[in-house]
Amino acid sequence: MERTLVLIKPDGVRRNIIGEVISRIERKGMKIVALDMRTLDAGTAKTHYEEHASRPFFESLVEFITGGPLVAMVVEGERSVEAFRALAGATDPVAAAPGTVRGDFAMEVQQNIVHGSDSTYSAEREIKLFFPDLA
Ligand code: IDP
């Protein structure tokens with residue numbers, strides 16, 4: 001069974017839509033196998049987003065993602081990487097289809113409510129980073 005790392009970013013927590021996001025994951029048929037609320041330190045945030053280190057928005061992204069508590073989850077299901085990214089919608093919430101989390105709840109590209117791993121390779125790396133003790 002495939003696993004993916006999902007984050008409800010600090011904007012999603014501030015907006016009180018943790019339940020909404022979790023509900024969509026569960027209604028779709030995926031299973032939450034680990035869940036934790038925490039505030040990321042800058043080191044973990046930089047490792048998580050290391051592929052964006054050279055982008056102009058990197059510092060601002062690290063500041064945003066460490067700026068308040070987030071919810072980290074490991075979500076399991078058939079092709080869960082692709083399935084969650086379909087639920088999340090396009091990175092830019094203005095372009096994201098209505099009916100997706102980003103399409104329904106966000107307007108700004110940085111504050112786009114959720115993260116989902118973009119490949120099974122990324123999922124493995126990110127799950128190890130966030131939940132090193134998970135079997
Ligand atoms: P993804 O989250 O849909 O996989 P990525 O391109 O991997 O999108 O970008 C990671 C995160 O960086 C996005 O979810 C968003 O929060 C932020 N981001 C992406 N592009 C921009 C930008 O142009 N300006 C500010 N933040 C951005």
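Keep in mind that glycine also has a Cβ here, set from the backbone N, Cα and C atoms.
Record features (TrEMBL):
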type     : residues                      : note
ACT_SITE : H115                          : active site, pros-phosphohistidine intermediate
BINDING  : K9, F57, R85, T91, R102, N112 : ATP binding site
DOMAIN   : 1-134                         : domain 'Nucleoside diphosphate kinase-like'
Confidence summary for the domain 'Nucleoside diphosphate kinase-like' (1-134), mean pLDDT rounded: 98
Entries of K9, R85, R102 (binding-site residues) sitting next to ligand 1, with Cβ under 6 Å as the cut-off: none
Cβ atoms near T91 (ATP binding site) (within 10 Å, other residues, all chains): 13
Reduced DSSP assignment, the residue listed as 'active site, pros-phosphohistidine intermediate': strand
Rounded Cα-Cα span from H115 (active site, pros-phosphohistidine intermediate) to F57 (ATP binding site), Å: 16
Other CB atoms, at most 10 A from the CB of R85 (ATP binding site): 20
